[in-house]
Each structure stands twice: as C-alpha cells, then as structure tokens.
Amino acid sequence: MSDRTFHILTFGCQMNVNDSDWLARALVARGFTEAPLGKARVNIVNTCSVRDKPEQKVYSVLGRIRQATRKLPDAFAVVGGCVAQQIGSGFFTRFPQVRLVFGGDGSSMAPQAIERLCAEPGLRVSLLDFSEEYPERDAQLDSGPVPPSAFVNIMQGCDNFCAYCIVPYTRGRQKSRAADAVVRECAELVDRGAKEITLLGQNVNSYGQDAEATRQATAAGDGKAVSFAELLHRVAALPGLARLRFVTPHPKDIAPEVIDAFGTLDNLCPRLHLPLQSGSDRILKAMGRKYDMARYMDIVHRLKAARPDIQLSTDIIVGFPGETEQDFEDTLAAMRAVGFAASFSFCYSDRPGTRAEMLPAKLDAAEKAARLARLQEWQNDYTEQCLRSMVGLHTMVLLDGMSRKPGMTTPELQEGVHEGVHDGVAGTPGGESWQGRDPYGQAVNVVMPPRTQGGPEGWLGRIVPVTIVEAKKHSLRGVLRA
Ligand code: SAH
Ligand code: SF4
Ligand code: F3S
C-alpha cells in the first residue's frame, strides 16, 4: 500500500461535490494518488445531514470503511461536510478510525491537515470553526483542461432558518464571496475549456446581502456590495462562456433585475430551479418561507413573461408537521398550476435543533410515504409528457462525455451519492454514443461520428445542433443535424 493514497465518497448537494473535487485536486497537487475505497490510506467521506437518511448512510459507510481497511494498519478515515459540522469530535469517540473532522469553512485547511495526519500517527484534528470571512481556497492547483460544465461557489452558509432545515446550523451564517474572486475563477475555467458555469450557493439571490459583502465593499471604498443580478451580468459577459446557470434561488427575495436577466442575457439558460416546498399558505407560513402562493405565482408569471420558453423545477417537502390532506391537495394543485418540468420531493424529516422538530402534530411515516408516492406519480407522468413534447424540436446540445450506463447527475442541490466511477462506455455501430445537455438542462443522448472527426480533442465540450427524435423516461435521444 502506498503511503499517500486517498478515496473520497461524497453525499449531499452540488456544493459538497464541488468541495470534494477541490479537495481531490488539492491532494493530487500534494503528491497523493486516488485509490479504491478500502485500498486507500486516507478514506474521506463528505457528508450531508439535510435529512435523517443521508446522515445515517454516513455511519454505515464508516462501518464499511472500517471493515475494508482492517488489514491496512495505517489507514484512517476523514469526515467532512455537514454531518461533521453537526456531530463534530463525537466521531472520534464513536469511530476510532476517524482522525479528522472538517466542516464547510474548514475544508480549505483539510489538505494540510491530511498531510500532517499521514506524518504523525497519533494525531487527531478537528476543523470545525466558522470563519467570519468567506474561506477563499487555493485556486492555483493545476492548469490543465477542465470538464465542459463547471461549478463555482459564490457564497457559504444560509441565514434563512426555514423551520425544517439544518443547513444554517451546519453551514453557518451567509458569507458572500468577493465578486472579483468569483469572476476570476469563472474566467480561468472558461480559458481552460469550460463552456457552461453554474453559480452555487444555498440562497444565491441574497448574494451581496450580508456582513461579509458589506465589509468587502467598504474595504474596496465603493460602499455598495455587488448584487446577484450584477454578478450574473459580469459572469455572463465573459467571452467564450456559452451557458450560465445558478442554483439555488429563494423565491422570497428574487429581485426584478434577476428575472429581467432571463430576457436579456443570451447565455443565461432558460431553466430555473425554484424551490416551492409546499403549495399551502398555512404550511409555507409554518415553514417560515416568507412567501405565499400568490407571490410565488407572480414570480412564475414574470419569469415566463421575460423568457416564454423557461422551464422550472422545484423541491417539495410532504408531511411537514400539521400538514392536512387539504394542505397536501393545495401542493398538488400548485404543481399542476406551475407545471414543473421536474421536481425533487422528500418526506419531512426531523432535524435536531430545528424549530420544526419541536412542533406538535407530526405525521406518521406511512401517511407521509403515501402522499409522496401520489405526488411523485403525478410528477413522473408530467415529466414524461414534457419530454415527449420536445420530440421534433431542433436544439443545441453541449456534449459532456461518452454515454454511460446507468444514470445521470442533476445540477440541482440534492442529496445523493457521488462516486468518481465511470461505468462502461456505450459503443454504437457506425459512431459513438455521447451524452450532453440541451439549454434546459435535459439530458440528451446522441450518436456522433467517430471521435477523430471531432478534431484533436474529440467531441468533448462541443455544442452541436441536434433534432430530438425520442423521449425516454428521464432523457431524450437526438440525431445530429447536418
Ligand atoms: N437552499 C436550498 C436547498 C437546501 S436543501 C433551498 O432553500 O431551496 C435541499 C432541499 O432539501 C430543500 O429544498 C428541501 O426541499 C429539502 N429539505 C431540507 N430540509 C428537509 C427536512 N428536514 N426534511 C425533508 N426535506 C428537507
Ligand atoms: Fe435551508 Fe434553503 Fe431554507 Fe436556507 S433557504 S434554511 S438552506 S431550505
Ligand atoms: Fe449540507 Fe448540502 Fe446536505 S449544505 S446538509 S451537504 S444538502
């Protein structure tokens, strides 16, 4: 076993995926190499605690790591992300193999800590403090090509304290990243081959509205923080950036200028993930979401006026404490009224320390599951209908890799497991099967001529004209247009 091998397993949202990507590159820059889980000396789990299920997965994964590394005396585990922030050094007592815990703000220091742990066998380290400033990370790790689709953090944390949500506790107070740093990173990514950038944050449209942003503006002498709409304009103006997206906005404070941007910025993609959570005003109030259905529908109408072909997606929680059958029917009615191209829906899950945890009138698991199934059944039918309606359309597809089996990832902030494993590549007689995305973010599979015809770099990162010929359950199939 090499002394400096690592494996990262990532749960949770795109912000965690982005943190893990950075950590992997930082470790490689320090001379570490990746190895399979159980074969690596440093076994890193980047965790999510947004619901009970992903939190529990962490404990079972740590058990698995312990089993798999039984015969590797130097091997140890590292726990990062939101469960690390929540449980902290509690991991050291429950799992002797854990030697480092780090939270969101501590991730920038994790590579140095891992290096020290390799050199000092008895050491244990926790990096759990929240910093006051945005924890800027070393960006100059490597200079090679990057994937066509890149993600850029614009903020840390969240100040909204929705009644059910643990994120403000695990990610800390909102801290905007300096606009110049965001634009610089985006420009570098475009120079290195990125065609699409997704700006990331837990509540992106309150970018610039926090103490850190005010401090930066004061230090720069202009007194006024850069707003999210201004940031969008600055990034969109980068030459060579074909597509811009962002996730996640909160409906309560989406500014008119952000809505207008969908009508004026050519490279801002016509797709928006706008979490609704519930269609019942009573439940929205109890959740502390600070908008009602009238306000939400007003935003939807204004978005459609700015960009008539815009597609929306959303997050829904079913079975929030006190949700009645009527409240749930209101949610179904809201989904029909908006017509979301896709939705991510979850049973309400009690999170420690949140206001909702203290609420009476919890629903039982069977009731929540039954409501979730009804909602998902409706959504699946509707999504299929949306995909079918796209057959025959001419579109542009950004090719991001050879087709893999199975599954695709989504850009939304979602719980999930992300392993850097590439499954078998699908070969097709007379060509190669590629996957890509249309401007709405829909996955499209298309057969391309052999890669050598795509130029020295092949087809990766090319935006090609495609006619959609078939709708599958979760994806589309297209043919290359001459
Ligand atoms: N900041 C984003 C999303 C954060 S978490 C936003 O405000 O939309 C992603 C999704 O997880 C949320 O939109 C919500 O639908 C879901 N979620 C959060 N806490 C939850 C809980 N306690 N139980 C069930 N779902 C939850
Ligand atoms: Fe959680 Fe999102 Fe609400 Fe923040 S805005 S508390 S991250 S659901
Ligand atoms: Fe944390 Fe993202 Fe999960 S902020 S709780 S990893 S959804």
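Our numbering is plain: 1 for the first residue shown, then up by one each step along the chain.
Cβ atoms are placed via backbone N, Cα and C, with glycine included.
TrEMBL does not curate its annotations; it predicts them automatically.
The [4Fe-4S] cluster 1 binding site annotation in TrEMBL covers CYS13, CYS48, CYS82. Secondary structure from DSSP puts CYS82 ([4Fe-4S] cluster 1 binding site) in a helix. Under a cutoff of 8 A between CB atoms, and with a sequence separation of 6+ in the same chain, the neighbours of CYS82 ([4Fe-4S] cluster 1 binding site) are GLY12, ASN16, THR47, CYS48, SER49, VAL50, GLY103, GLY104, ILE166, VAL167, THR170, ARG171.
The secondary structure of CYS162 ([4Fe-4S] cluster 2 binding site), as reduced to three states from DSSP, is coil rather than helix or strand. Positions annotated as [4Fe-4S] cluster 2 binding site by TrEMBL: CYS158, CYS162, CYS165.
According to TrEMBL, the feature domain 'MTTase N-terminal' maps to 4-119.
Annotation source TrEMBL lists domain 'Radical SAM core' at 144-385.
Residues of the domain 'MTTase N-terminal' (4-119) grouped by DSSP class, helix first, strand second and coil last, total 59 helix, 26 strand, 31 coil. The two recorded residues, CYS165 ([4Fe-4S] cluster 2 binding site) and CYS13 ([4Fe-4S] cluster 1 binding site), have Cα atoms 14 Å apart. Within 8 A of the CB centroid of the [4Fe-4S] cluster 2 site residues CYS158, CYS162, CYS165, the other residues of that chain are ASN160, PHE161, TYR164, ILE166, VAL167, PRO168, GLN202. A distance of 14 Å separates the Cα atom of CYS13 ([4Fe-4S] cluster 1 binding site) from that of CYS158 ([4Fe-4S] cluster 2 binding site). Around CYS158 ([4Fe-4S] cluster 2 binding site), the same-chain residues six or more apart in sequence whose CB sits under 8 Å from its CB are CYS165, VAL167, PRO168, ARG171, GLN174, GLN202, ASN203, listed in sequence order. Taking a Cβ cut-off of under 6 Å from any atom of ligand 2, the binding-site residues CYS13, CYS48, CYS82, CYS158, CYS162, CYS165 reduce to CYS158, CYS162, CYS165. For the domain 'Radical SAM core' (144-385), the model's average pLDDT works out to 96. A Cβ distance below 6 Å to any atom of ligand 1 is met, among the binding-site residues CYS48, CYS82, CYS165, by CYS165.
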